[in-house]
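Annotated features, as they stand in TrEMBL:
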TRANSMEM  A:12-33  transmembrane segment
TRANSMEM  A:72-96  transmembrane segment
DOMAIN    A:72-262  domain 'ABC transmembrane type-1'
TRANSMEM  A:108-131  transmembrane segment
TRANSMEM  A:143-163  transmembrane segment
TRANSMEM  A:184-207  transmembrane segment
TRANSMEM  A:240-261  transmembrane segment
């Protein structure tokens, strides 16, 4: 039986939710607003909220100074590339853990997760040296590889929880029907797990898109994604809030739009398959 | 078409031995039912034959070829699962055609065979539906269609009717028997329901704790059970077991008598008792008679029996139809 909630309670909770929501979103909103101000208005005190001279000059300056589309394209290649490569490795891995678990499967899963607890900076120097010697510094290939490795534990874990929801008998039926391991994964498991794979893909694209540690440390000019593009505006030559804001807005816009259209999938992804 | 032979087939899960070593031969075209209480190893045995589990020791032969290490896909057997295990993302046609697709047949050939199978199973109107849009009985038919379409060497059924309601179950039972008569293919059927076993089987294999208790035709098991377990398991209502005093008179440790082989009378007889609950089925009546504080005997009598709860009755077992067992529970013949 549903508990009756009084109108007053409802109003209170709605107001609290809105306040928290706005408080979290406010910095992003402020960044977007600032990107349309002149540098002078951007640091004016008291700041004006909506009533200022709206201008696009920051965007044109930013585009003149650095090639937005190169960084945008780098971000797309790196985030999609690392996610797709990760999925190709993780689907068979999650298959084996979900459907033919051994004595140590649980331990392997925990161990994989524990690698995420290592501070990345702890392995920066070895990886930097490896990249230098392999000629992978400032290449998109290098970043795809390193981000795949960083996000692989999460991808395997997410897929594992989704695969566990699929009844094993269906895969056995496929085996009886003459499917080999490859056919079983391609024709039965993957199509059945499409919602789960989609959430995993989305979440990991976003994680890779926002990843700043490796992308900043392993790139210079050629392979730098949007994170490096933003960072280049918090420069030692002085703070240019408006231009920094314009760069940030341009960097977050694609992922914000992607996130908006895939909210449902994302929520499912973030709850790790717990909510059906 | 094929004969299946098991030689000393053993299955262990870790330290637990589920099947300690079974020898069994199944003739070409036979309808064999594995029956036994839950946990007796019947499903495991079926999965070993299917190849879904690896045997720990022993040999499985199909048509004289050793398939012990062969992948399930290569054994040429088709299986119908308890949960039907249909592919939820494929239409009925896609489900039925999947084994043919895996066998690499052409689109036209697949289409033709799927239509033929759908026609025999009354599924023609549902070919484009997804499994979730079908009733339980229809799903069952799709699972059977998927099994018959590629003309396998043999069929394996793992309690396929237990998810259906009673009326549908009786129908499907008939349809499966009909299917076997048509196809004449070897079928192995696992169930815990001895009625299904009795009605469908050419040969019943009674399993208990991983052992075969007895193999035989339904009537052999019914009339000549080898031991107490089979005697008690086959037949409904169950066989009555009479106490040591009566058994000793007949030179046995236990004597069993089926409910239909006891005469019940209100005037005279061998054993005195009090009538308990009477179950009227119309054609028959099952009377549960208390003969001692802790012993009840079930008697099958005519449908028009007028016995009432509490009536004093006399029971007389038919001496020619007694089943005698020794102290180890083995039948004395």
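Cβ coordinates are placed from backbone N, Cα and C, and glycine is handled just like the others.
It is A:184-207 that, among the stretches A:12-33, A:108-131, A:184-207, A:240-261, forms the most Cβ pairs under 8 Å with the transmembrane segment (A:143-163).
Contact check: the transmembrane segment (A:184-207) against the transmembrane segment (A:12-33) gives fewer than three Cβ pairs closer than 8 Å, residues 6 or more apart, which falls short of the contact criterion.
Residues 97, 137, 142, 146, 150, 152-154, 156-157, 160, 213-214, 217-218 of the same chain, all 6+ positions outside the transmembrane segment (A:108-131), place their C-beta atoms under 8 angstroms from a C-beta of that stretch.
Residues 49-50, 245, 248-249, 252 of the same chain lie 6 or more positions beyond the ends of the transmembrane segment (A:12-33) yet place their CB under 8 Å from a CB of it.
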